[in-house]
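According to TrEMBL, the protein carries these features:
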type	residues	note
BINDING	45-52, 162-165, 199-202	ATP binding site
ACT_SITE	H52	active site, proton donor
BINDING	Q76	beta-alanine binding site
BINDING	Q76, Q168	(R)-pantoate binding site
Amino acid sequence: MKQGIWKVNSTKENSVEIIRTRSELQARVRAWKQAGETVGFVPTMGALHEGHLSLIEKAKEKVTRTVASIFVNPAQFAPGEDFDTYPRREAEDIAKLASVNCTAVYLPSVAEMYPEGSVTNVRVESLSDLLDGIYRPHFFYGVATVVARLFLHAQPDVAVFGEKDYQQLQVIRRMVRDLGFPIEIIGGETKRDADGLAQSSRNLYLSPEERRAAGAIFAAMHRASVRLALGALPSEALKEAEGHIVTAGFRKIDYVTLVDPATLQALPADEPMKEGAVVRLLAAAWLGKTRLIDNISVTR
Ligand code: PAF
């Protein structure tokens, strides 16, 4: 593959620089910073949708230059998961980034991210072992490792992650705090389709029939959040939500749970939320072969 910085135009006005190596990215970022500019970073695995583009827009509110990365990270997939089939749409993604005036896209190879013989990993213990970490034990270790490496390549002032992956956002915040990365982490609101389904690259896996059923996960969570805000017992509201999700055609629920928004520790199921409390309702469930996750904030 040809190296170097390239510009791709999606329209006459918009162009995005294509950068494939760490040294080029670091040189580019250094030059921007020397010129007094600030840099926002949005790491992605591609197959971009409106949710990703809204994260670029969010970064643009804070900084003068934005860099998105597209890298399908092998370290966060276990054998048998969807690494090989994960959607890869480089040309489309670049055009989408250009359409929102993203300054540059970083497209590293596996060797660029994990140089031969590389054995250094990042483990954010505890937060990585709950919830999704129980079902995908490798996952957050792979995420923390690649995000730490991407941060060192991009050296941004600000990085934006979607709240759709709420546990991931908390893991990254904790890593940044513990390791002292001088980067402000910002959460971007989840973008939803008309029926409430959270936008995700993995929604592309859903058959038309599954897609029709998929909105039920948000509908069930929304109904539970209203009941909880009115003082229902979590055990009852969550059980009802699980019932709605199963009735809609989901084949297996990994969890529907109410947690402390910062620590992700489960809250008591047998007492109503306290007046003024703000908690997080999270769910993960399987529709056919696709695992969907979602979360919403609940305030009493
Ligand atoms: O959320 C994602 O797309 C990925 O987990 C991330 C943060 C880009 C790391 O590979």
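For all residues, glycine too, the Cβ spot is worked out from N, Cα and C.
Between H49 (ATP binding site) and Q168 ((R)-pantoate binding site), the C-alpha separation comes to 18 Å. With a cut-off of under 6 Å between the Cβ and any atom of ligand 1, the binding-site residues M45, A47, H49, G51, K164, S201 reduce to M45.
Nearest Cα neighbour of Q199 (ATP binding site) among the listed recorded positions (H52, Q76, Q168): H52. The binding-site residues Q168, Q199 differ in how many other CB atoms lie within 10 Å of their CB, and the one with the most is Q168. Within the set of binding-site residues M45, Q76, S201, the entry lying nearest in space to Q168 ((R)-pantoate binding site) is Q76 (CA atoms). Around Q76 (beta-alanine binding site), the same-chain residues six or more apart in sequence whose CB sits under 8 Å from its CB are H138, F139, F140, G142, V143, V146, listed in sequence order.
Counting other C-beta atoms within 10 Å of each candidate's C-beta, the recorded positions H49, H52, K164 are led by H52. The separation of H52 (active site, proton donor) from M45 (ATP binding site), Cα to Cα, is 10 Å. Under a cutoff of 8 A between CB atoms, and with a sequence separation of 6+ in the same chain, the neighbours of G162 (ATP binding site) are G51, H52, L55, L169, G187, G188, T190.
A coil conformation is recorded for M45 (ATP binding site) in the three-state DSSP classification, outside any helix or strand.
There are 20 other CB atoms within 10 A of the CB of G51 (ATP binding site), with all protein chains counted. Its Cβ taken as reference, S201 (ATP binding site) is surrounded by 18 other Cβ atoms within 10 Å in the chains shown.
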